[in-house]
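*Asks:* Got a structure here, written out as structure tokens. Questions coming.
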Amino acid sequence: MRVISLIREVKVTDKNTGEERKLLTVGMVYDALSYQNLNLPSEEVLLEHVASAGNESVKNSLRSVFKTVAAEMIESCLKKSGLHGSEKACEVKDQLPGVFELIRELADKLNSQDYEMPGFIRKSPTGRSIEFGPLLGSLSLNSSQFDNFNSAADEYFYQLEETKIKDRKRQVEDAVVKKFDAIRREQESRISSLETGIKNYQFLAQVIEANIKPVEEAVLVINTGLQNELSWKDLEALIKVEQSKGRPTALLISKLMLIDFLIQLKLPFGSESVLVEVDIRLGGHANANRYYEMRKNAMEKLARTRSAFEQAMKSAEAKVRADSKKDKRRDQHLIPKRKILWFEKYNWFISSDAHLVISGKDMHQNEYLVKRLLKPGDVYAHADLPGASSVIVKNHRKPVDGSDTAPEIPHRTLVEAGSFSLCFSKAWDAKIVTSAWWVFARQVSKTAPSGEFLPTGSFMIRGKKNFLPPSPLILGFGFMFILDEESSAKRKASRLAKEAAREADITGDDTGGVVRKDPTISVREQKYMDQLLDQSEDLEEYITTTTKEVESLQIEPTKTRKPEKEEKEEKIARADAFVDIRTDTRAGAGTRGKHGKQKKIKEKYRHQDDEERKMRLELLGSKAKQPEVKMVQLPKPVKLAPAKKTPAKITVEDDTLEEELPGIGELGYIDSIVGNPVPEEVTLGIIAAAAPFSVMQHYKYRVKLLPGNLKRGTAAKTAVSLMLSENKSLGTPRERDLIRSVTDTELNSTIPGKVRISGSGVELSKVKKSLKKKKK
């Protein structure tokens with residue numbers, strides 16, 4: 001362990017030199033074993049201290065003497081001795097030897113490597129965990145004991161996370177209930193006001209009906225004044241004069257509201273006087289009917305309000321129940337945080353033949369991976385396209401039958417690696433279908449032909465490239481599950497048995513001499529390879545015949561300056577053997593007039609190969625045109641040393657790069673990461689992955705991705721919703737919980753770029769509609 005930071009610095013004096021030094025410093029290696037010795041004082045020292053301590057409590061006396069012992073240890077030993085710690089030390093002097101013996105035994109146990117420390121958790125009266133520790137001490141009150149301290153710590157923090165989730169859920173529920181209560185109160189207040197209005201309208205109509213004649217007389221007086229062209233002020237003054245005279249009709253008028261064609265009348269009803277607003281454009285019965293119409297409208301509005309309120313409350317309660325069920329399912333199993341695997345920061349997938357295929361996301365990652373990860377037996381794949389990444393296929397197979405070389409990687413995995421390189425290049429956005437290629441690890445170098453060092457992310461390829469068939473731009477996006485050790489072991493045994501059977505099927509067929517086809521190669525690829533084999537046999541037969549004809553001429557070639565020619569040919573051959581992975585493969589524009597000439601020459605000499613053409617030119621005494629070597633778009637090399645000295649070669653086999661990445665030795669974790677778990681297997685975690693769709697055909701949760709216009713975030717959400725909706729009957733609740741636990745960052749980093757999701761039209765439309773509703 002290394003010291004990261006210090007709470008305080010402690011200085012000690014060296015007994016030999018007398019110099020002060022710091023006990024611990026930042027960056028210092030902390031040796032835990034050297035600090036396990038507690039250096040307990042003797043029993044006599046304890047008794048002497050108690051004799052001189054007076055009325056000091058036994059707990060304080062023990063803490064004063066045993067300075068290197070934790071307070072929890074002292075409390076635990078006092079508890080076992082039947083003491084509370086508050087007693088006076090001089091009164092319990094006879095029990096102190098027993099306490100001392102308990103402390104010494106506990107210290108010996110702690111110093112022993114075989115001793116497994118128990119664990120305790122103290123809980124509140126409601127059952128909530130308060131604290132945990134390795135010793136009983138103050139935890140004795142309402143505590144639970146565990147076999148070891150790790151189990152207690154694990155249970156404590158598990159309950160802590162569970163309590164946080166419950167508290168958070170309770171807060172959300174309280175907020176929802178509070179909001180619903182406010183809505184309910186508002187609706188109930190509105191309903192109450194409508195009910196009051198209905199009763200009031202009916203009462204006013206009855207008042208008018210009981211005073212039809214006075215109402216009509218008052219309306220007539222007002223209308224007469226208006227017809228005589230009296231102003232509103234003059235009419236109001238006239239009414240006051242009439243009221244002063246004691247006219248009964250004028251005394252009924254309380255207020256004029258002529259702007260609304262209304263007047264307020266004070267009508268008698270029983271023993272009371274009621275204020276009623278009357279329309280001057282209507283008669284007495286018409287005004288009563290007016291209030292009855294208002295009562296009818298209020299009753300209809302009340303019915304609508306009640307219906308809408310009940311419907312809203314039902315839908316709200318249903319939503320709360322659905323959310324609570326969803327939260328209950330989600331919280332039923334707390335998903336522990338898994339360890340992030342080292343290759344998840346790169347683009348990766350596991351091939352159909354259980355090989356790890358990995359590539360960088362930029363030129364720095366490509367440089368790092370090729371230097372650190374590419375080892376003998378591995379394969380390097382690439383595509384001659386801008387932005388194409390360096391793909392490495394790890395060969396996890398061990399040599400068999402005492403051989404020094406491991407079995408070759410299957411052709412199907414190489415095709416998948418090439419397709420992966422194309423999909424993560426600019427061919428994806430441009431929708432270009434082309435071919436990728438692969439080479440062995442020994443063919444990859446970091447030095448140019450002249451020995452100069454290449455820039456970051458650029459490598460040289462020695463020798464022949466092995467081109468693969470054109471691959472369609474189709475990716476699969478899905479989820480892989482992490483299994484426990486037992487399930488992983490079963491998967492590994494099944495995989496090894498299949499590989500052994502395949503090797504025996506290929507190499508051990510001596511019954512009929514018939515070569516079996518590799519089951520990992522598709523029908524189209526097999527036909528293509530058969531055609532190449534037929535062409536090569538015809539070409540070999542033709543070359544043999546032509547060679548015999550040339551030998552029968554018995555013409556010796558003219559002597560040339562052999563050293564210069566051989567040296568030039570060797571230079572050309574060496575230059576031709578190195579190819580920059582960033583070379584542009586587009587052919588240059590031909591000169592006008594030469595196209596037709598080249599076409600005629602090609603047609604005339606179509607039966608000649610390069611060797612025959614070279615031989616005939618030498619017989620005729622003509623000098624063959626030297627092949628033109630171009631390094632298209634070759635970046636300017638960076639010189640590492642003066643021209644007089646030979647620059648140091650930095651290759652992928654450099655001794656300074658021998659340090660392995662963590663966990664790539666046996667690649668045993670590949671068998672624990674699967675895309676199609678069965679119900680009998682135990683899943684511990686989940687990883688989002690993108691791979692050629694041929695790899696993911698048998699995955700339980702996967703969708704097909706094509707070049708399109710959807711951005712990463714939208715595509716990831718749509719893909720997850722589509723996978724969950726299509727696998728309702730097949731998936732388990734545990735798997736769905738794991739899928740929902742994947743963060744948006746993990747999902748977005750897996751998708752290459754703008755995509756289009758291919759799936760069932762009905763399901764896809766449903767998912768898009770649901771996502772739109774969630775946004776609203």
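Numbering starts at 1 and runs along the chain as displayed.
Glycine is no exception: its Cβ is also placed from the backbone N, Cα and C atoms.
What you are looking at is a predicted structure, and each value in this text was computed from that prediction instead of being measured.
Annotated compositional bias 'Basic residues' per TrEMBL: 592-605, in sequence order. The domain 'NFACT RNA-binding' feature in TrEMBL is assigned to 345-463. Summarising the annotation, TrEMBL assigns domain 'NFACT protein C-terminal' to 669-758. According to TrEMBL, the region 'Disordered' annotation covers 587-610.
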*Asks:* Could you give me the DSSP helix, strand and coil counts for the domain 'NFACT protein C-terminal' (669-758)?
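*Replies:* DSSP composition of the domain 'NFACT protein C-terminal' (669-758): 34 helix, 25 strand, 31 coil.
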*Asks:* With helix taken as DSSP H, G or I, strand as E or B and everything else coil, how many residues of the domain 'NFACT RNA-binding' (345-463) land in each class?
*Replies:* 31 helix, 26 strand, 62 coil
*Asks:* Express the predicted model's confidence over the domain 'NFACT protein C-terminal' (669-758) as a mean pLDDT, rounded to an integer.
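*Replies:* Mean pLDDT, the domain 'NFACT protein C-terminal' (669-758): 86.
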